[in-house]
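I have placed the structure first, in the form of structure tokens, so that the comments after it can refer back to it.
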Amino acid sequence: MIPHTTPLFGPSVRSAERNGKLTGHREESSLGCRDNHLTLGEYRILWCAFSQQFTMKVLAILYNGFKAAEEEPRLLGTVENQLGIQEWLTSQGHELIGKRGFPLVSSSKEGPDSDFQKHIVDAEVLITTPFHPGYLTRDLIEKAKNLKICITAGVGSDHIDLNAAVDNKIQVLEVSGSNVVSVAEHVIMSILLLVRNFVPAHEMIERGDWQVSDIARNAFDLEGKVVGTIGAGRIGYRVLQRLVPFDCKELLYYDYAPLPAEAAKAVKVRRVEDLKDFVSQCDVVTVNCPLHEGTRGLVNAELLKHFKKGAWLVNTARGAICDKDAVAEALKSGQLSGYSGDVWNVQPAPKDHIWRTMKNPLGGGNGMVPHYSGTTLDAQARYANGTKSILSNYLEGKPQEPQNIIVGLGKYETSAYGQR
């Protein structure tokens with residue numbers, strides 16, 4: 001029960017008569033509390049304080065888990081297990097009354113006939129994920145007259161037109177820090193896969209071949225190499241921490257803001273303020289910055305010319321930070337020895353996406369995988385809980401955790417997306 005003095009929706013409450021959809025009754029406990037009836041997709045609210053009934057529509061866009069999600073309930077980021085939100089709402093005393101056939105949670109997100117585009121127009125809450133993002137453009141935002149809050153189940157809200165969200169006073173929140181360790185570990189794994197030439201070695205074994213020289217001629221140690229990160233925030237700094245035991249020759253970072261002196265000293269990292277100078281010094285470059293207009297296409301053909309010949313590049317940030325064709329050409333020519341990551345400029349990636357099959361001159365150097373670095377089972381538990389917390393605060397009219405707020409009511413609350 002929520003005490004009647006706590007506003008359930010704050011300023012977003014609106015009359016049910018706007019669509020004539022509601023029937024039902026009002027319930028009130030002996031303590032004057034509301035019995036709140038909600039469904040993930042379309043919420044029925046019994047609001048005793050005003051003797052009226054209200055409706056709220058929530059749209060969740062997640063990826064299909066199919067058999068894997070049925071067999072593994074900890075795959076919370078899937079349509080089938082829907083972040084555990086329905087069970088959570090029930091445990092909070094809410095009644096779920098979704099209509100048969102209504103896409104309470106859907107993976108359909110592309111095109112005007114998708115569940116996403118059809119139902120965003122009257123949704124009040126959008127829950128989506130970086131791993132299967134619903135791309136919320138300015139055009140869609142301006143059609144979504146009821147939309148009040150967008151929740152990213154994970155980290156990274158670049159699939160939303162944030163400027164349009166500011167202009168339309170739509171809040172944007174994400175579960176800050178929920179998967180930073182997961183991504184940092186994936187970065188270290190990807191660096192080692194490339195430097196040690198692991199993928200071609202494994203493919204050789206699968207083919208039934210055994211030719212050590214074909215693999216060893218392009219395999220190196222990480223020790224003694226110069227490794228640099230573009231971005232030294234929550235993920236980039238954790239990457240640096242995890243590189244310390246490898247005895248690299250030097251650790252570098254490029255960021256618009258310097259690290260605190262003590263933080264830089266702890267990992268013995270040096271800041272390089274010019275990007276071309278930065279990449280020219282690195283044997284390995286890892287991209288760990290948000291995607292915004294200032295970083296879109298940052299790693300392009302011109303910048304790649306300044307990389308060390310045969311350098312390795314890892315990108316687990318956002319695919320669009322790296323120019324798709326320029327990366328493929330740099331790998332083909334040998335300017336890059338390898339490119340690895342799990343982020344693509346469009347997700348899911350088309351079957352003919354050049355990053356699926358690109359190789360270096362020796363036939364290796366491709367460490368691309370689906371976008372999963374930040375969605376381990378451990379990370380899913382964290383961002384599912386964080387999503388529930390954000391939704392709970394919204395429903396109860398409580399303040400949100402400041403670190404989770406990307407866009408407040410009509411203004412940015414962070415500089416992470418280039419708002420400086």
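The count begins at 1 with the first shown residue.
Placed from the backbone N, Cα and C atoms, the Cβ positions cover glycine too.
No curator has checked TrEMBL annotations; they are predicted automatically.
TrEMBL lists 1-29 with the feature region 'Disordered'. If you look up TrEMBL, you'll see 15-29 marked as compositional bias 'Basic and acidic residues'. Among the features that TrEMBL reports, domain 'D-isomer specific 2-hydroxyacid dehydrogenase catalytic' is placed at 93-399. Among the features that TrEMBL reports, substrate binding site is placed at Val155, Asn179. Per TrEMBL, the feature domain 'D-isomer specific 2-hydroxyacid dehydrogenase NAD-binding' maps to 189-360. As annotated by TrEMBL, NAD(+) binding site applies to Arg234, Ile235, Asp255, Pro290, Leu291, His292, Glu293, Gly294, Thr316, Asp342, His371, Tyr372, Ser373, Gly374. The site 'Important for catalytic activity' annotation in TrEMBL covers Arg318, His371.
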Can you tell me whether DSSP puts Arg234 (NAD(+) binding site) in helix, strand or coil?
helix
Which one of these binding-site residues has the most other Cβ atoms within 10 Å of its own Cβ: Asp255, Glu293?
Asp255
Which of the recorded positions Val155, Asn179, Arg318 has its Cα closest in space to the Cα of Asp255 (NAD(+) binding site)?
Arg318
Rounded to whole angstrom, what's the largest C-alpha distance between any two of Arg234, Ile235, Asp255, Pro290, Leu291, His292, Glu293, Gly294, Thr316, Asp342, His371, Tyr372, Ser373, Gly374, listed as binding NAD(+)?
25
Cβ packing number for Asn179 (substrate binding site), 10 Å threshold:
27
Have a look at the recorded positions Val155, Asn179, Arg318 and say which one has the shortest Cα distance to Ser373 (NAD(+) binding site).
Asn179
Return the count of C-beta atoms lying within 10 angstroms of the C-beta of Leu291 (NAD(+) binding site), excluding that atom itself.
23
Report, in whole Å, the straight Cα-to-Cα distance of Arg318 (site 'Important for catalytic activity') from Glu293 (NAD(+) binding site).
12
Minimum Cα separation from Asn179 (substrate binding site), reported as the residue among recorded positions Arg234, Leu291, Thr316, Arg318, His371 that achieves it:
Arg234
Length of the line joining the Cα atoms of Val155 (substrate binding site) and Thr316 (NAD(+) binding site), in Å:
12
Given the recorded positions Arg234, Arg318, His371, which one's Cβ is surrounded by the fewest other Cβ atoms within 10 Å?
Arg234
Integer mean pLDDT for the domain 'D-isomer specific 2-hydroxyacid dehydrogenase catalytic' (93-399):
95
Tell me which residues of the chain lie with their Cβ under 8 angstroms from that of Thr316 (NAD(+) binding site), as long as they are six or more apart in sequence?
Val183, His186, Val187, Ser190, Ile235, Thr286, Val287, Asn288, Gly341, Asp342, Val343, Ser373, Gly374
Between Arg318 (site 'Important for catalytic activity') and Leu291 (NAD(+) binding site), what C-alpha distance do you get in Å?
6
